[in-house]
Amino acid sequence: MTAPAIAARPALRSALKGVLPLVALLLLVLLSLATGKFAVPVADVARILWTKLLGLPSTLDPTAQIVVLQVRLPRVLASLVVGAALAAAGSTYQGLFRNPLVSPDILGVSAGASLGAVLGIYLSLPVGAIQLLAFAGGSLAVGAVYAVGLAMRRHDPVLTLVLAGVAIGAVLGSAISLLKVLADPYNQLPAITYWLLGSLASVTLGDVGAILPAMLLGLLPLVLFAWRMNLMSLGEEEARALGVETRLLRPLFIAAATLVTAAAVSVTGVIGWIGLIIPHVARLIVGPDFRRLLPASLLMGAGYLLAVDLVARTIAPIEVPLGILTALIGAPFFLWLLANAKRSWA
Amino acid sequence: MNLLVRDLAFGHGARTIGEGIGFDLRAGEVLGLLGPNGGGKTTLFKTILGLIPAKAGRITLDGEDVARWSRARFARSVAYVPQAHAASFPFRVQDVVLMGRASRLGAFAVPGRADEAIAADALATLGIGHLAERSYTEISGGERQLVLIARALAGEPRFLVMDEPTASLDFGNQARLLDQVRHLSRRGIGIVLSTHDPDHAFLCHRVALLHEGRLLALGPPEEAVTPETLRLLYGVEVAIVPLPGEGRFVCTPVLAR
């Protein structure tokens, strides 16, 4: 073997490492677009997408085109965006709170955002306003949990954080229940209930377009300061001693992750556990460096939610709400993490 | 080049733990801080580092008040070596050491080849180059302490603040660490370190004794560390005996018969 060939191998391998997951995700997207009550061959799906992208006239079955482009495509795009967002938020919270077992759910962000969004539905507000309320609710919840954590520094910080999240989540849950009792049982209540279980069934391309700016805005600081995020995971004092302005970065990161979570929650409802499991699995594969962990979480989160949504809409004659499936998969995994955690947790 | 602490008062929240603390640290000097458990050594260090707001007093570097300096500017001059601890995430040792470059990089910058070379140098200086690829969570407490020193050195500071660097180490690792401290001071780095062990005080150029929030004594070890001051500090009788051929002293408690 010649010397250049040997030198090229690691470069080739790292290129493959980057490309292979993308190819796998693309195949999963094609499979998702093809599968359902009205099955479309994968080759036709590819052709429909291709002609649409190039703006060519298509000779394919118009029904197949409608199913792929108007029924399934919005859903596939939404699951990619939401899955990626929840996983990115989870990996951010885990780094900031220095614990691989926290997530948007445990910190009360999801519950807070839910309360905001349910309030929006209750008041029959437009999507943009529901998003704003979801963001406000999520921020207030994570702020409250964090404040309780700071106030009780004497206790074990992780335990305090988790218990504060549980307590504040319960308060938010009771407020949500109150709104459900007050809501119109024929118009609003079914919408609220279905939404609380999490679903991509009624997502439109407009919804995806509406949350995309918030998602990108939230991801921007995470990408820009990805290396600094590694230092944040050392804890407040060590990061500051190393020259990091944590008093600027910490609120920025929390706001970014909360924005991304709230945007996701505002269109799909509560889809739990992704923000906990995916970052953890991603860390097992690529290690804790946030510069690799963030893209890995984004990719795996997108693929995971896409796969779960595919199962949700094909496993039974009626559609299974997503939140039910993600919890069914996520909770046992969480218990497995607890049992195998190297460091004592409480 | 000196770090000057003048009339410093420190504490947590409303509670003042100590006051009237003053000393200076010159390039290449090792200053040992001796004091009982819970006496506020760590709080004093964190106050000097600006991690806890000072209740009174000033800290200057080469005559310039550091109160308004950015975190990065201060970190470029004074690095902190915390007590070795368990990490939350399994970063590789070389990545941990690279984090020491943060104060030398712009906000959006990431470490490059030059930074990696400096990090590798820091590991080599401490004789732990072989740990570079290992996970920080899998190495021993003594190795972690050395990695944290390497991380501090990677920022190319002029002063090191080391919080009980020998506390979690066994006998052999303590000796090796003190060797490293001496080696670093010969390279011109000013070091202030806290310790439990009065024997270590005799390896320092000067010693400060922290007693009930004030400096009981400050000076060369032979003058500051006496049976009287140690009795005040620890509440036990101590014998201080010369070590033949070494030109220094060792301390040992005198037990009741």
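Note that Cβ sites are derived from N, Cα and C of the backbone, with glycine treated the same way.
Your range for transmembrane segment, going by TrEMBL and the list A:6-25, A:106-125, is A:106-125. Sequence-remote contacts of a segment are chain residues at least 6 beyond its ends whose Cβ falls under 8 Å from one of its Cβ atoms, and for the transmembrane segment (A:76-94) they are 25, 29, 32-33, 100-104, 107, 109, 200, 203, 205, 207-208, 211-212, 215, 218-219, 222, 229, 253-254, 256-258, 260-261, 263-264, 267-268, 271, 274-276, 278-280, 282-283, 290, 293-294, 297-306, 308-309.
Within its own chain, the transmembrane segment (A:194-227) is flanked in space by residues 73-75, 77-79, 81-82, 85, 88-89, 92, 114, 117-118, 121, 127-128, 131, 135, 176, 249, 252-253, 255-260, 262-264, 266-272, 290-291, 294, 309, 313, 319, 321-324, 326, which lie at least six positions past its ends and keep a Cβ under 8 Å from the stretch. Only residues 6 or more beyond the boundaries of the transmembrane segment (A:322-339), in the same chain, are considered here, and those with a CB under 8 A from a CB of the stretch are 100-101, 196-200, 268-274, 276-277, 280, 305, 308-309, 311-312, 345. Long-range contacts of the transmembrane segment (A:132-152) within the same chain: residues 104, 107-117, 119-120, 125, 160-161, 164-165, 167-169, 172, 214, 254-255, 258-259, 261-263, 265-266, each at least 6 residues beyond the stretch ends and with a Cβ under 8 Å from a Cβ of the stretch. Beyond its flanks by at least six residues, the transmembrane segment (A:106-125) meets 89, 93, 97, 132-142, 144-145, 161-162, 164-166, 168-169, 172-173, 175-176, 179-180, 182-183, 188, 191-192, 195-196, 257-258, 261-262, 265-266, 269-270, 272, 276 of its own chain at Cβ-Cβ distances under 8 Å.
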